[in-house]
Amino acid sequence: MITRRQSTEIRLGNLTIGGSAPISVQSMTKTDTRNIPATIAQIKELEECGCEIIRLAIPDMEAASALKSIRPKVKIPIVADIHFDYRLALASLSAGVDGLRLNPGNIGDPERVKAVVKSAKEREIPIRIGVNAGSLPKDLPPELTIAQKMVKAAMGHIKILEGLDFGLIKVSLKAFDVPTTIEAYTQIASLIPYPLHVGITETGTPKTGLVRSAVGIGNLLYMGIGDTIRVSLTAPPHEEVFAAYEILKSLNLRQRGPILVSCPTCSRTEVDIVGIASQVQEALNKIDKPIRVAVMGCAVNGPGEAKEADLGIACGKGQGLLFRKGEKIAVVPEDELVDALLREIASL
């Protein structure tokens, strides 16, 4: 059983993060924030997928102003992603965002940092310090490893906020390299009490990015590290949300929707099990029930091998078996197997 690191609790809109709260799933819009209708539509789609926190890039004042129209139209907490310009942070706070992602050390003048912190404190808005291995300060000691530099940079930003008596802090330390990311998070986890947002950055397209993210995020979560997660992919954001829940489900940390179990096929397979499994997965994506469903390619061994499944089909040429918890329910013609399975799921 996984024992989670105990972090302080913060509130992000209507969501509790840290402490004993469930690990939250986050994504980021891929739209131009200034395109208000497109951004609202994408956030609503993500809400339907189970996204619990959404981050929006705020490159200029027009984007910050757009938040005034976006915030009332969506339900989940909005985090404004700010780089360098403190005025964008102030405008985003005035627009009603639920959180900021910025590094106070990059803002410059201490008075500007104070202005942002003062506004955030008045509104009880948390700030996420987000350190990225690709954009570390140039003045860090060269003898340090990348992970050590990430931790040192994060601690510098944290001390600025703590020096202003601000404690609504969340921290992330992301790199493309999985071992570097794991090393950075394990180091900082023992140094600070604040919630940690976990992810691997710039992972690429789903084919490679899903693997890299699952290895990195999964390892950290198994060690009990992580209060929110994002699977960063060069793909539509709903794919990030789906992948995040699959990682959490695989570690028994969250349950949302069905889990599909399907065999890898072998020479005993006499049907298009790949196509059948894909068809079932597509249907399961529209179902919220936290059940385990099996699609097996062998009517002889399938039910026994998938006896942990709530429901399943074992496919044979011409016909197959519909089973529950490994016990046969019915023999079904091959071309009716998927429909029979879905009807049985609907009856649960």
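Any Cβ shown, glycine's included, is placed from N, Cα and C.
Among the features that Swiss-Prot reports, [4Fe-4S] cluster binding site is placed at Cys263, Cys266, Cys298, Glu305.
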With Cβ-Cβ distance below 8 Å and at least 6 positions apart along the chain, what are the contacts of Cys298 ([4Fe-4S] cluster binding site)? List them in sequence order. Cys263, Cys266, Arg268, Thr269, Ala314, Cys315, Gly316
Drop a 10 Å sphere on every Cβ of the binding-site residues Cys263, Cys266 and tell me which sphere holds the fewest other Cβ atoms. Cys266
Long-range same-chain neighbours of Glu305 ([4Fe-4S] cluster binding site), Cβ under 8 Å, sequence gap at least 6? Cys263, Met296
For the recorded [4Fe-4S] cluster site formed by Cys263, Cys266, Cys298, Glu305, name the remaining residues of the chain with Cβ within 8 Å of the site's Cβ center, in chain order. Pro264, Thr265, Arg268, Thr269, Met296, Gly297, Asn301, Gly302
Using DSSP with the three-state reduction, classify Glu305 ([4Fe-4S] cluster binding site) as helix, strand or coil. helix
Would you mind pulling the DSSP three-state label for Cys263 ([4Fe-4S] cluster binding site)? coil
